[in-house]
Amino acid sequence: MLKILLPTIMLLPTALLSPQKLLWTNTTTHSLLIAAISLHWLLPTYYPHKNLTQWMSTDQISSSLLVLSCWLLPLMILASQNHLQHEPLIRKRTFITTLITVQPLLLLAFSATELMLFYITFEATLIPTLILITRWGSQPERLSAGIYLLFYTLISSLPLLVTILYLHTHIGTLHLTMLKLSHPTLTTSWTDLLLSLALLMAFMVKAPLYGLHLWLPKAHVEAPIAGSMLLAALLLKLGGYGIMRLTLLIGPLPSHLHYPFLTLALWGALMTSSICLRQTDLKSLIACSSVSHMGLVIAASILQTHWSFSGAMILMISHGLTSSMLFCLANTTYERTHSRILLLTRGLQPLLPLMATWWLLANLTNMALPPTTNLMAELTIMIALFNWSALTIILTGIATLLTASYTLFMLLMTQRGTLPTHITSLQNSSTREHLLMTLHITPLLLLILKPEMISGIPL
């Protein structure tokens, strides 16, 4: 574990002390090396815990998310180069440092074996994202977006802290390995029902559940590209991961806690997909689509069966890569046209034909076309939900139909149609952008060859 964490922390002096010419090169290559080393976590094992130290361990649920968080740092640095090129050197350093500080916090959050450490790192990831949004966002509304993000997260996570402290006084330990051995403490009384509700609530806001998702489109629209990638690919996964981790430990969920969350998640998947069809803003559309995908993850991880857990794991990883890629693509058009409105950025296919290929690939993975891992995940989740109750097939079926339709709508709006008259010339797409898209899509296409690595099931 330390062989990843220490180099990650050493990225900070690298970013602060590199000469101006080598700043981007050094940070990108160093973080790519860390990402390459972290791939060895993906080896499936029989052991419930690998690399077990007193505070941290990796197991089948967390290892793929850990690798994802290592993989996305170089991609975020790559994506941010263009919009930072006119900034003074000290600001570039500050930006890269902010990006780098998120990674150790995420690694600690995903690999913590102690609930208090998990809570602290879970909350600490909020600070760098807040700095990214409120300092490097592109519009003055970024301040209200930051306030939304801050207050939604804080109000939901204070009850979580209280519950964790309550569990500590009752059990005497917060180690996950010890909690597995103790009896489930939360029974069916009213207080315990409220406590398990408080446990779930913080993660539901983070993941976002429909109804608690209002901060997400705001934050995504105002954030710079690195902030958007970080939010979509990693911070939403903290919510799903927390649900999967904690619900298993506090015993089986009472059934009347099941129903509202499951119905809200599935109904939210349907509703946000139909909201996507009416969006005018490209980044807001992608943000709403990630709400609908994470609704499936929440529904699956509340069910707590083996099938639904592995489906939720695969969907989290593949959604992380897909939506991050879509945000990068939206950013490439935004940097050229300086507009996110779909009507003003139509018909770009004849101008940037290679980018149109990337758009097509990203949209096809987003709407879960075979042979992508997204399809495998959605099918697994739907089968698990159908097994639980046959009526859910109506909601999930309509949601997939709507997902396909808004994805195609996005593709047709951005790539097809007549070119708007105000676009006279565009920059060519650079090698950096193509490399960025390749690094997003290759893992997605390769993972279907061996999905056991991310399915969260010991072989």
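Cβ atoms here come from the backbone N, Cα and C positions, even for glycine.
A Cβ distance under 8 Å defines the sequence-distant neighbours of the signal peptide (1-17), meaning residues of its chain 6+ beyond its ends; these are 23, 26-27, 30-31, 33-34, 37-38, 51, 53, 56-58, 66, 70, 93, 96-97, 100-101, 103-104, 107-108, 111. The feature signal peptide is assigned by TrEMBL to 1-17.
Predicted-model confidence for the domain 'NADH:ubiquinone oxidoreductase chain 4 N-terminal' (1-109) is 93, expressed as mean pLDDT. Here TrEMBL flags 1-109 as domain 'NADH:ubiquinone oxidoreductase chain 4 N-terminal'.
The domain 'NADH:quinone oxidoreductase/Mrp antiporter transmembrane' annotation in TrEMBL covers 112-403.
Per TrEMBL, transmembrane segment is recorded for 116-133 (among others). Sequence-distant contacts of the transmembrane segment (116-133) (same chain, six or more residues past either end, CB-CB distance under 8 Å): 55, 95, 98-99, 101-102, 105-106, 108-109, 142, 145-146, 149-150, 153, 157, 160-161, 164, 168, 174, 202, 206, 219, 222-224, 226-227, 230-231, 234-235, 238, 242, 245.
The transmembrane segment annotation in TrEMBL covers 145-168 (among others).
Among the features that TrEMBL reports, transmembrane segment is placed at 193-216 (among others).
Feature annotation from TrEMBL assigns transmembrane segment to 228-251 (among others).
Marked as transmembrane segment by TrEMBL: 257-277 (among others).
Taken from TrEMBL, the feature transmembrane segment applies to 284-303 (among others). Using a Cβ-Cβ cut-off under 8 Å and counting only residues 6 or more beyond its ends in the same chain, the transmembrane segment (284-303) has close neighbours at 204, 207-210, 213, 216-217, 219-221, 232, 236, 239-240, 243-244, 247, 253, 258, 261-262, 265-266, 268-270, 272-273, 275-276, 309, 311-312, 315-316, 319, 323, 326-327, 330, 340, 342, 366, 378, 381, 384-385, 388, 392, 396, 399, 402-403, 406-407, 410.
A Cβ distance under 8 Å defines the sequence-distant neighbours of the transmembrane segment (309-329), meaning residues of its chain 6+ beyond its ends; these are 61, 64-65, 68, 72, 75, 79, 220, 225, 228-229, 232-234, 236-237, 240-241, 244, 283, 286, 289-290, 293-294, 296-297, 300-301, 355, 358-359, 362-363, 365-366, 372-374, 376-381, 383-384, 433, 436-437, 440-441, 443-444, 447, 451, 454-457. Taken from TrEMBL, the feature transmembrane segment covers 309-329 (among others).
Listed by sequence, the residues of this chain that lie at least six past the ends of the transmembrane segment (341-361) yet keep a Cβ under 8 A from its Cβ atoms are 279-282, 285, 325, 329, 332-333, 410-411, 413-420, 422-423, 426, 428-429, 433-434, 437, 441. The feature transmembrane segment is assigned by TrEMBL to 341-361 (among others).
Per TrEMBL, transmembrane segment is recorded for 381-412 (among others).
When each of the listed stretches 193-216, 257-277, 381-412 is scored by C-beta pairs under 8 angstroms to the transmembrane segment (228-251), 193-216 comes out highest. Using a Cβ-Cβ cut-off under 8 Å and counting only residues 6 or more beyond its ends in the same chain, the transmembrane segment (381-412) has close neighbours at 262, 266-267, 269-270, 273-274, 276-277, 282, 285-286, 289, 292, 295-297, 299-300, 303, 305, 307-308, 311-312, 315, 342, 359-360, 363, 366-368.
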